[in-house]
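Peer 1: The following feature annotations were taken from TrEMBL:
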- K239: active site, proton donor (ACT_SITE)
- G10, C11, G12, G13, V14, G15: NADP(+) binding site (BINDING)
- K140: NADPH binding site (BINDING)
- E224: L-homoserine binding site (BINDING)
- 10-158: domain 'Aspartate/homoserine dehydrogenase NAD-binding' (DOMAIN)
- 171-369: domain 'Homoserine dehydrogenase catalytic' (DOMAIN)
Amino acid sequence: MKSIRVLVMGCGGVGRQLLEHIISCRSLHAQQNLVLRVVGVCDSQSLLLVDDVSEMELNDEFLLELCRAKSAGSPLSSLRGSGKFHVFENFEVKEKVIDAAGLLGSSSGLAVVDCSASSETVEILMQAIDLGCCVVLANKKPLTCKIDEYEKLVSKFRHIRYESTVGAGLPVIASITRVLASGDPIFRIIGSLSGTLGYVMSELEDGKLFSQVVNAAKGLGYTEPDPRDDLGGMDVARKALILARLLGWRINLDELKVESLYPNELGPSSMSTEEFLNRGLQSLDSYMADKVRGASLKGNVLRYVCVIEGSRCHVGLQELPKDSPLGRLRGSDNVIEIYSRCYKKSPLVIQGAGAGNDTTAAGVLADIIDLQDLFL
Ligand SMILES: NC(=O)c1ccc[n+]([C@@H]2O[C@H](COP(=O)([O-])OP(=O)(O)OC[C@H]3O[C@@H](n4cnc5c(N)ncnc54)[C@H](OP(=O)(O)O)[C@@H]3O)[C@@H](O)[C@H]2O)c1
Ligand SMILES: *[C@@H]1O[C@H](CO)[C@@H](O)[C@H](O)[C@H]1NC(C)=O
C-alpha cells in the first residue's frame, strides 16, 4: 500500500466535498494500492493537525463530524479536545503547516491542497514546494499573484497540479499541457469560462431583458451572493491569466484588459446589492439589448469570453458566429476552443459543467492521485 498524506486548507463547499470524496473512494483507491491519509485541515482561523503526522491520521468518522460541524457554521476550533490532534491558531498555523511539510516532504511525502479562496496561502504553498511536498489547488489566487512568485510556485512543475482552477473538473489544463508538450504551438484560446455569464449571454438571445436574466440566474443559484462579483469579470480574468501563463506569457493580472458588465456608478461603493438588483440593473437593459440585436443582424451572438491571441489577452464581450462551439453554447456550461497547428481549422473543444462543489472536488482528487509517484 502506498500512503498519500494530505493536508487540506479550506473546508468550505469544495474542501468538505473533497473530504467526502476521499472517504467514498476508499475501496477504489485500495484496488489501486493507494490509501489517502488526511493529517490536517485548516479553515480561515485555525489548523487542526494530528499529533504525529508520520504515524497518525484523522479517521473517517471524525472527518465526517468535521464536515457536519463546518456546514453548521461552527469553526474548526469547536472540535478541540475530541481526539488525538491539536488545534492551532493565528501565527502558529503557518509555522505548524511548514513543520509538517518539512517532516513529510523529506520522507513519505505530503500533498498540501488549497481549497481556500484566500490570496494569503501562497507563501505556505511556495515553502511546501521548497520542502519537497506536492501542491494541489482549486484556489486561483496563488496562481494569479505577481509573476516572480508564480514562477517560483510552479518551478517544480511535476509537484504541482491545478486542474480545477479553470473549468472545474474539465481537463482544460491537462489538455493544453499535452498539446504544448507535443511541440504543437497554440496560437489562440477563446473560452466562456463563467457558468453565470454563459447562462446570462445565451438567455439574452431569446430577447429577454438583461435585468430579468441576471435575476433569474441569481434565483437558480448560479451567481455569487452579489452578482456584481460575476458581472465584473475578475474571476474570468484570473482564469485567463492562468491559461496565458501556462502558454508561457510573463504577465500580471493588472495587464489584462477586463470589461465589466456594469459601470463604476453602479459599483458596490455606490449602491447595495439590493439597490443594484432592484434598480441599477434595469438601467443597463437597453444598452445590452442593442448590442445583442446588433450582433444578431450579422448572424452573430454575443458571448462573454476570454481571448488569448497574438500579444493580447482580454476578457469581455465579443460577437461570435452563431454556428461555432461558443455560439451554440446554451445554459451554464463552460466551453473552450483551442487553436494550434494541429487544431487549426477544427479547434480542440472542451465543454461541460464548469462549476459545482462536486465536480471541482473530483478534479482536485484526480490531481492528488495523479501525483502518486512522488509518494513512498
Ligand atoms: N465551488 C466551485 O464551483 C469552484 C469551482 C472552481 C474553483 N473553485 C475555487 O475553490 C476554492 C474554494 O471554493 P469554495 O466554494 O469551497 O469556497 P468557500 O465555501 O468560501 O470556502 C473557503 C474555505 O477556505 C477557508 N479559508 C479562508 N481563508 C483561509 C486561509 N487563509 N487559510 C486556510 N483556509 C482559509 C474558509 O474558512 P472559514 O470556513 O473559516 O470561512 C473556508 O472554509 C475557491 O478558491 C474557489 O474559487 C470553486
Ligand atoms: C457548494 O457548497 C456550499 C457550501 O456548502 C453551498 O452553499 C452551495 O450551495 C454548494 N453549491 C452547489 C452548486 O452545490
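Using the three backbone atoms N, Cα and C, a Cβ is placed for every residue, glycine included.
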Peer 1: Out of G10, G13, V14, K239, which recorded positions lie by ligand 1, with a C-beta less than 6 Å from some atom of it?
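Peer 2: So the answer is G10, G13, V14.
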Peer 1: Quick one: of G10, G15, which of the binding-site residues has the smallest count of other CB atoms within 10 A?
Peer 2: G10
Peer 1: Over all shown protein chains, what is the count of other CB atoms within 10 A of the CB belonging to V14 (NADP(+) binding site)?
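Peer 2: That number is 26.
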Peer 1: Check the recorded positions C11, G13, V14, G15, E224, K239 for any whose Cβ is under 6 angstroms from an atom of ligand 2, and report them in sequence order.
Peer 2: G13
Peer 1: DSSP on the domain 'Aspartate/homoserine dehydrogenase NAD-binding' (10-158): how many residues come out helix, how many strand, how many coil?
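Peer 2: The breakdown for the domain 'Aspartate/homoserine dehydrogenase NAD-binding' (10-158) reads 71 helix, 27 strand, 51 coil.
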Peer 1: Let me know how many other Cβ atoms fall within 10 Å of the Cβ of E224 (L-homoserine binding site).
Peer 2: 14
Peer 1: Checking the recorded positions G10, C11, V14, G15, E224, K239, which are within 10 Å of the residue listed as 'NADPH binding site' at the Cα level?
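Peer 2: Of G10, C11, V14, G15, E224, K239, within range: K239.
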Peer 1: What residue among the recorded positions K140, K239 has the most other CB atoms lying within 10 A of its CB?
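Peer 2: Highest number of other Cβ atoms within 10 Å: K239.
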Peer 1: Given the binding-site residues C11, G12, G13, V14, G15, state which is nearest to K239 (active site, proton donor) when distance is taken between Cα atoms.
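Peer 2: With Cα distances computed to K239 (active site, proton donor), the winner among C11, G12, G13, V14, G15 is V14.
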Peer 1: Between G10 (NADP(+) binding site) and E224 (L-homoserine binding site), find the distance joining the two CA atoms and give it rounded to the nearest Å.
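Peer 2: E224 (L-homoserine binding site) has its Cα 18 Å from the Cα of G10 (NADP(+) binding site).
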Peer 1: Note the Cβ centroid of G10, C11, G12, G13, V14, G15, the recorded NADP(+) site, then list each other residue of that chain whose Cβ lies within 8 Å of it, in sequence.
Peer 2: R16, Q17, L18, C115, S116, N357
Peer 1: So what sits near C11 (NADP(+) binding site) in its own chain, CB-to-CB under 8 Å and at least six residues off in sequence?
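Peer 2: L19, V41, C42, D43, L66, C67, K70, L76, C115 - these are the non-local Cβ neighbours of C11 (NADP(+) binding site), listed in sequence order.
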Peer 1: What's the CA-CA gap between V14 (NADP(+) binding site) and E224 (L-homoserine binding site) in angstrom, rounded?
Peer 2: 15
Peer 1: Relative to the Cβ position of G12 (NADP(+) binding site), how many further Cβ atoms are located within 10 Å?
Peer 2: 16
